[in-house]
Amino acid sequence: MGFDVGFVPYNPDGWGPPEAAAAPPSLGGGSASVPFAPFSRSDKLGRIADWTRNPPGPGAFVAARDTVFDFAGLEDSVGLASADDASFRLVDGKPPPRHPRFGPRWRFQQRPQLPQRRDEEVEARRREAEKERARRDRHWQQNRRTHHQFNRGGPSSSSAKPSVDIQPEWSVKEQIPFSSFSKLSFAVADQPEDLLVCGAVEFYDRAYDRVTPRAERRLERFKSRNFFKVTTTDDPVIRRLAENDTATVFATDTILAALMCAPRSVQSWDIVIQRVGNKLFFDKRDGSQLDLLTVNETAQEPLPEAKEDINSAHSLAVEATYVNQNFSQQVLVRNGEKVTFDEPNPFATEGEEAASVAYRYRRWKLDDETSLVARCEVHAVNVDPRGERQFLTLNALNEFDPKVTGVDWRKKLETQRGAVLATELKNNANKLARWTAQALLAGADMMKLGYVSRQHPRDHYNHSILSVIGYKPRDFAAQINLNTANMWGIVKSIVDVCMKLGEGKYVLVKDPLKPQVRLYEVPNDAFENDYVEEPLPEEEQVRPFSEDVDASAQEMDAAAEAEATGTIAGANGDAEKSGEAAA
């Protein structure tokens, strides 16, 4: 039995089936015998060939591809006229299950994440992006550190300016980077020789060694005592020693400490150097930055530069100087007993009460032809258990706002004293190094550090002593990595450079933007002001307040600043008069 191909209509007019195909004879012209199978609209049905729906042109392929899912004429082609199938669902209407993590709290915190490719190309790009991001982070950190150290507060800030106005006629003689200072080393041949000791000091009160944050002491004010910050050439004793050819180089402990600790400094400072014959005199200008103590000089976060802000760099420097002076007088025994030395205070006039301080004029031998004499200060004496007398230096660290430093002294001094000191070493590395260098130069047996804090962060006039801790200068120098040989190496190198210069006046300036110092040659009349302000007539002068009238807060602040700065300026003027008299 052969295969029956069935009935195929014939189209005499063209290719393809005719428009009205005749019914096959086997169907008998009726539709009752047509087999029918029920189907769902979700089933993928297509046509074997549709010669009328595919339009010609570029969209023909897309239309042919979409016809598989096109059911627009399906009912007509198969002759269905029934209603929609009850089982047909367009979308799933059931709500998705809710997870507690993705509730209302997380609605605006979750972001859709696209699936990531894990091929080699994507991994390579990711690694390159990570390297670039790390490079940018390092670059940003370096710029931030440089911006903080040498450009604090922007280009117009005072810390980005040199401490002295550089004039066009000044010529640069030397430019020394700090990197060369770290390689220097020089050992002083012999122990220093005490040439003269002047002034009088009081005894240290050991009761302050037991002061704690729970039993703090209020910081008192000593308005009647005068503090003197006299420069080298205005010192009558140094003038007398220079006339006797006692040494070839003359300076003070403040100036030498600034030179020895120069690599740790950030802010700009300057030292005037005068070459007279074969002698060198290291001086400071009137109103120099060396007269004020810096606060948070080496900290990560810069301080505001607006002077009206109580936490600005200038206001904190005045406050720190004021606190340091009063602290050095409060921790003494007040029974009137003093230790006097060879000569009285060379800067105090008759009837004037001077602060407790002794000036030790000491001489170091740098080489066979060069020797150095420096005026060094000690602030108190103490008697050890063996009955021997010890010299002490007294300095105070001040806390202005615990939120800035991140360490609250009232909470941490008793339990984490090392953390407090480590924070101060980070924020005030240059100041602590200078105090240590001054104690070493003065030959002090002990240096006392006081921790003084504001009674309230917004009150910069009232303070409290929280603790007093003593250190041996050499042990503390080793703890803060202060090398004595390197300190003297810096001084010796600067002295050698200046000895090669001719007679005249020079100024050594710390660059405000770079870790280096520059030596300028200046005219002989530089930094001299012969103008003297004449006093007002008596009838035009402002009358002082009576003792029973309380000063306002603003007047109290002005008085505090006058104690720290005005007293220094007055002392310089008195020293000039005494120097002229001695000459």
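Here the Cβ of each residue, glycine as well, is placed from N, Cα and C on the backbone.
Of the candidate ranges 8-55, 200-247, 536-583, TrEMBL annotates residues 536-583 with the feature region 'Disordered'.
Among the residue ranges 289-303, 394-408, 409-423, 424-438, the one that TrEMBL annotates as region 'RNA gate' is 289-303. For the region 'RNA gate' (289-303), DSSP puts the residue distribution at 3 helix, 0 strand, 12 coil.
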